[in-house]
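Worksheet: one structure, shown below.
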Amino acid sequence: MRLHRTNNSRRCTILLILALKIFDFVDTLACYSCIALNYRQNVLSRNDALSPPQNRENLTALFDVLSKNNISHVEVSSSCADVTLTTQPSFLNTPIAICDMNDKCVKMDFYYSGEKVVLRNCLSNLMETVNSPKLKKYCPMYSDDRSEIKVGPMSNVSVCSCQSDLCNSSEKSSVMIYFSIAFILVL
């Protein structure tokens, strides 16, 4: 009987420790943390190989420009790129950053050497100082509302922010939810 109480006591202690860890984790914000050239739009299938493969070596000039403009480095991931409106975004295996709950997730896109670049991260990890006068409050998949911000050789810089877990994705799914709700209401 005494052995049974010891096991129960040990289980309770372990469960309490796990619960405290979970509550501590709830006070954080999860954001996608990646960068990619956006030529994913020209690929037929989401799972098709990208050519040439994206990596730090063939994007050295881009990373140098980001460093010079106090924008932190993030992991290169082809799944970070925006996709066409007819393709469901897939962020499978995309790196995630855990940030303070008071932080924001951001999606930044811009043109560099004629290529569209998409960068996602926590705001505090991305920029040392927030010098963008225009942070949009949601992250749409496509937007004609472009900030006319120029940062070094980066042009048409657009930055959006949001404050819920993994909200800095391509928001096609939320658009589809709105269309579904509208369709149901019409019926």
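Just so it is clear, glycine is given a Cβ too, placed from its N, Cα and C backbone atoms.
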Discussion item. For the feature N-linked glycosylation site in Swiss-Prot, which residue out of Asn7, Asn168 does the record point to?
Written reply: Asn168
Worksheet, complete the sentence: Top of the glycosylation sites Asn58, Asn70, Asn168 by count of other CB atoms within 10 A is Asn168
Discussion item. What's the number of neighbouring CB atoms sitting within 10 A of the CB on Asn156 (N-linked glycosylation site)?
Written reply: 14
Worksheet entry | Between Asn58 (N-linked glycosylation site) and Asn156 (N-linked glycosylation site), the C-alpha gap once rounded to whole angstrom | 22
